[in-house]
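Listed features, source TrEMBL:
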type     : residues  : note
TRANSMEM : B:12-30   : transmembrane segment
TRANSMEM : B:79-101  : transmembrane segment
TRANSMEM : B:122-146 : transmembrane segment
TRANSMEM : B:166-186 : transmembrane segment
TRANSMEM : B:214-232 : transmembrane segment
TRANSMEM : B:244-267 : transmembrane segment
TRANSMEM : B:287-307 : transmembrane segment
TRANSMEM : B:327-345 : transmembrane segment
TRANSMEM : B:352-378 : transmembrane segment
TRANSMEM : B:384-409 : transmembrane segment
Amino acid sequence: MASKVIHAFYDDDDVLMHAVKKVRAAKHHIEDIYCPFPVHGLDKAMGLAPTRLAITSFLYGCVGLVISIVMMNYIMIEDWPQDIGGKPTFSFIQNMPAFIPIMFELTVFFAAHLMVITFFLRSRLWPFKEAENPDVRTTDDHFLMEIEIHGNEQELKDLLLDTGAVEINITEK
Amino acid sequence: MYTFSNRLKIASFILMAVGVLGIGIGFITAPSTVEEAKAMVASHDDGHADAYDATEDITAHDSSHDEHLLHQLQNKPWAALYVAALFFMMIALGTLAFYAVQRAAQAGWSPLLFRVMEGITAYLVPGGIAVFVILVLSVAHMNHLFVWMDADVVANDKLLLNKSGYLNGPFFLIRAVIFLGGWILYREYSRKLSLAQDESNDDSNFKLNFRISAGFLVFYLISESIMSWDWIMSVDPHWFSTLFGWYIFASMFVTGITVIALVTIYLKSKGYLKDVNNSHIHDLAKFMFGMSIFWAYLWFSQFMLIWYANIPEEVTYFVTRISDYKIPFFGMLVLNFVFPLLLLMNSDFKRVNWFVVMTGIVILIGHYMNLFVAIMPATVGDQWGIGIAEIGSVLFFAGAFIFFVFRALTKAPLQPKRNPFIEESKHFHY
């Protein structure tokens, strides 16, 4: 089923912010907004839920820490506890200071890389992905607000022009 | 204008009075003869006397050992006093360093807190004098805190003899005068310029304050490093560590920031500091979090390098601490690192006042332990304890700290008027 969407263009992020507030106040659902750069506070104005990426990162860090502990405890203490330069290998805790640099680095490694991969997966980004850009100008100097039309085309158009849109297109999606 | 509430003033006087009582009891109960010292240890050590017999040689119990024990027990009230005096002086000094950094960096968020910081650094004058008096009394042989001040010991110790060009009484006190003088001079001058800026028509006071703050930071870095060798590292004059100055710096910096946060939250809860919002608290909590980790990084770097190489002349420092001070030595790592790491990681928690206060109190206790573990092993050895003398000293200096800080806060409006960044600070939002 083909649905029609309205594309409203803005050329200023301040105007865009006010437009978002007006559109939200008029109870229209904003499908998406395309910006050439991050607009501070736009997510709050749109009412988007806060990201949980930091929480995943913390959990990935914990995984990295556990892996490093288990790995070194197995290799250095349990599997082959050699005397290397007089370092005590009788228990993990006795030789722990020597392991801490690795424990730290693996924690950071897991937290950073898995979080980045999570970000790519959640935002569906990969090398040969086809760009979903509705208009090339949105990567340079224009902001685009996309709203779905449910038979209220003229009303929406008036509202968006009133908020300072510089151009309005209606396209099939 | 802030008015010093009577309840807080009375509380600070009670703390000082109880503290003086505790310090007095500490000094009165310290033994004056070898026999008394032996009797004290015998009565205290009933519980774990067998541990002593197992680890110590019978032949070690000769008269020199008994005298050593006497000195350790006589040192206890002195060391307790010294640790507490140094701890609170270093809170003011750490705050002063943070204040200078904020001025030199032209931070846009912090000008609202400048008067709070200036209030805390007001303690630098009485606190610095208190530390200096203890140092003078040490040089005057009133105590045995610094073993290198004992001429007989130095005469028979080649290592100390070689260091006597640096570690000698007069030079030690001259350095102390220069450092304390420099810090106090900057504090008083910067405060004067800060107040003058409120009344002036241009920004010349502000610009001058920016320049002297940058200059002070250079002086502070050098003097703080030397201070840590003189006042803290030299209680163990046979031991040395190159990153010690940074390690002590991290400790005083994080305690200073913590106290800024605590005083700010207190003043805000009383209805002063109307323009301070939870983003300011969030920023201070971020600094507490980051600097706690920085402290842990330096603590571990110092410990791990020495543990790994295990060179006998260096490692004794940690051997004595791990064998006699296991709980405070590793406990402070939990208080100063693990606790703030887990509690202040969440961005929302950093905005919650009671969370910041709770973590702040833990950090303050942890960094008192940090200083305790730095000073005590060399001065009282295995005779340490957290008793009347230690708690009394902390209470006394805490009372004095509260009194001088909050008295200074009443002297000027809590919000700077003509600071060029004050509008930005009022609308600071993170």
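Note: Cβ is positioned from N, Cα and C throughout, glycine not excepted.
TrEMBL: automatically predicted annotations, no manual curation.
Away from its own ends, the transmembrane segment (B:287-307) comes close to residues 98, 241, 243-244, 246-247, 250-251, 253-254, 257-258, 261, 314-315, 317-318, 333, 336-337, 340-341, 344-345, 350, 356, 359-360, 363, 367, 370 of its chain (Cβ-Cβ under 8 Å, at least six residues beyond either end). With a cut-off of 8 Å between Cβ atoms, the residues of this chain six or more beyond the transmembrane segment (B:214-232) that come close are 86, 93, 96-97, 100-101, 104, 131, 135, 172, 175-176, 178-179, 182-183, 186, 190, 240, 244-249, 252, 371, 374-375. If one looks beyond the transmembrane segment (B:122-146) by at least 6 residues along the same chain, the residues whose Cβ comes under 8 Å of a Cβ in the stretch are 71, 74-75, 78-79, 81-82, 85-86, 88-89, 91-93, 96, 169-170, 172-173, 176-177, 180, 183-184, 187-188, 191, 231, 234-235, 237, 375, 379, 397, 400-401, 404-405, 407-408.
Within the chain carrying the transmembrane segment (B:79-101), a Cβ under 8 angstroms from the stretch's Cβ atoms is held by residues 23, 26, 107, 114, 117-118, 120-124, 127-128, 130-131, 134, 145, 183, 186-187, 190, 213-214, 216-217, 220, 224, 231-232, 248-249, 251-257, 259-260, 287, 367-368, 371-372, 375-376, 379-380, 389-390, 392-394, 396-398, 400-401, all 6 or more beyond its ends.
Here the transmembrane segment (B:12-30) has Cβ contacts under 8 Å with residues 73-74, 76-77, 80-81, 387-400, 402-403, 406 of the same chain, all six or more residues outside its ends.
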